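J.: Taken from TrEMBL, the feature domain 'SAM-dependent MTase RsmB/NOP-type' covers 1-346. Annotation source TrEMBL lists S-adenosyl-L-methionine binding site at Cys100, Ala101, Ala102, Pro103, Gly104, Ser105, Lys106, Asp131, Asp158, Asp184. According to TrEMBL, the feature active site, nucleophile maps to Cys237. Per TrEMBL, region 'Disordered' is recorded for 353-377, 390-417, 623-710. Residues annotated as compositional bias 'Polar residues' in TrEMBL: 362-377, 670-679. The compositional bias 'Basic and acidic residues' annotation in TrEMBL covers 623-642, 649-662, 692-702.
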Amino acid sequence: SHAKEILHCLKEKYFKELQDLQVDGQKVEMPQALSWYPEELAWHTNLSRKILRKSPELEKFHQFLVSETECGNISRQEAVSMIPPLLLNVSPHHKILDMCAAPGSKTAQLIEMLHADMNVSFPKGFVIANDVDNKRCYLLVHQAKRLNSPCIMVVNHDASSIPNLQIDVDGRKEILFYDRILCDVPCSGDGTMRKNIDVWKKWTTQNSLQLHGLQLRIATRGVEQLAEGGRMVYSTCSLNPIENEAVIASLLEKSQGALELADVSSELPGLKRMPGITKWKVMLKDGQWLEEWKDVPSNRQTQIRPTMFPVKDEEKLKAMNLERCLRILPHHQNTGGFFVAVLIKKSPMPWNKRQPKIHQKLPQTGDSEVSTVNSDNGCECVTGEPALAENEDSKETQELQNLDTEQSKKERVCGPPPSKKMKLFGFKEDPFVFLPEDDPLFLPIQKFYALDPSFPKMNLLTRTQEGKKRQLYMVSKELRNVLLNNSEKMKVINTGIKVWSRNSDGEQFGCAFRLAQEGIYTLYPFIHARIINVCIDDVKILLTQENPFLSKFSSETQKKVKDMAMGSIVLKYDPDPGKPGDLQCPIVLCGWQGKTSLRAFVPKNERLHYLRMMGVEVFKAKRKEEESESKKEEEVQHRLAQTEEGMDVEDKEHDLVIKMEAEVGEESSHSPVESSTMETENEDLDQSSKNADSHIIQENKNIDTINVKN
């Protein structure tokens, strides 16, 4: 909801300051809006990362970009990578699967589209973002968390065999089919050669030959899980037809008319594109070209597959409409190279013809059929009859599994799948435990904040089964349904948005939980008490001062606070249309009312965001802040030097460790700013996994040092 304000701020302030700027004797090129991206919400700059980071003249602009990126108000990615989510045509009620989601820039776009109407706290749709790499899943969580949505779940599976999920519909189990699927598959990355030097060194003809089979399996699994009438976008950052048109042609051929390529020529006007190609050859490692499958030497027939070659039958080829695919060439509009195809599912896949019956009347045929559809994992040779015969044999095992699922559902626990069924790699995740309806924990919260009777308390969850519950998270009703019915099948990495945190000081005032800023926009519509409406000057005081006295606020605010008990509060700013010079979007902040003071509990980057939107110059404020911090540090070191003389060796060593940790802590408070400038959308696999590893190490380091500080 703040996008328009940020755009206004960019145009009126930051871009104007860049107008006559020179760096190293060269005039700075003005950022340009991408003509094909709706509502001027995407901009392109030719400034290199080095210049942006190192130039003192651009420091202010750089700081703005970094800070707003951390808040989730800006995402920085390759321009062409923004195309697939736009072509999915997402609506807030759509159930979406992102099959190969890390590092998460496209997932962030999908979440943004779900929340098109900010007045709806819980859209009916959701995004399930999957990645096969456990470490990259945490990078994905980091990206998605910035958007504070209760409608996102991050899971860790092999996309080519991602399980069928079940949901409860009016008391009966049904297979979950997705309305939209984003299938941005692993690829050779040859389209990124302008920015990715590694491609020049590592590219061989083998890359695409090795990836073709995996790409086809992932795409096949995707269309199997697509609902009829649903849309799937297949994309790669490669221009090799073996990874692109060959995969699409093979998929269309074996779908026997169940799939068709959508004509998207009228969508995204302004985007320069080339049509898909219908003729290509396959090259062997030694440079030999092959035109047909029959030309492949017998010793190469395991590496070169028939699906890699173009379709020979002219009629079939014409019916496929391969020219409807999009090829984005780098020199046309100064971008990377990219391939996109939009598929629409008209009927079930031929090997899943019996699926609708299972889908509609699951209890009569037995839950075991769900696992059968899952077990074929995209193998087109499995038909309905053998699948049913197989069911008879596995009925007993399946009934036992169903009992387990029912049991976990009763306990409202969605834990990680048992290790016997699936080898799990990576970190062991805590379970997701939903609050029981009669949980005594919730009553004081409900009373203290006067929550609306319509508040969906069933959707509250914690990450602990025993001991004190420290944080309360919230998911949408639809994601709760998915979580409870699939605890045995999924490895869930993260879901839910933090809405309350335990605060021991609050217990004496009637509620042990204070509001969390991450979830305040989701919670606010349900809260009817402890709301203080503040004017813009009050907001400025709250965001610039750490713990201001009540006497500093307007008389109206002071009156409202007088009658209110101490504890967690909501601070709401409503824009005044009569004052167009003031901030014109509403702000909701979490705060704490003390005896004589009022403070806001808002993360640093979010504070800076709101102050920028109000026209307050935060750049200088940050400089002063750093100076005062360094002064404090000098004083601490001076004291340490004085006391160190009287210490014995052991104490000295111990103190040195603490001191080193404190220094690391200081570094880490700036390091997220540095690490966030890393362009997360790097389509080359080797490079992106290196980025992910370094990013995760950095993140873990930050977490450790924050714990030391606490």
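Glycine residues also receive a Cβ, built from the backbone N, Cα and C atoms like all the rest.
Caution: TrEMBL annotation is automatic and unverified by curators.
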J.: Check each residue in the chain of Lys106 (S-adenosyl-L-methionine binding site) that is at least six apart in sequence and keep those whose C-beta is under 8 Å from its C-beta; list them in sequence order.
T.: Ser81, Met82, Pro84, Pro85, Asp98, Leu182, Asp184
J.: Can you grab the distance from the residue listed as 'active site, nucleophile' over to Asp158 (S-adenosyl-L-methionine binding site)? Cα atoms, rounded to a whole Å.
T.: 20
J.: Would you please pick out, from the binding-site residues Ala102, Gly104, Asp158, the one with the fewest other Cβ atoms within 10 Å of its Cβ?
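T.: Relative to the other binding-site residues in Ala102, Gly104, Asp158, Asp158 has the fewest Cβ atoms within 10 Å.
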J.: How many neighbouring Cβ atoms, not counting its own, are there within 10 Å of the Cβ of Cys100 (S-adenosyl-L-methionine binding site)?
T.: 23
J.: Run through the Cβ atoms and count how many others sit within 10 Å of the one on Cys237 (active site, nucleophile).
T.: 28
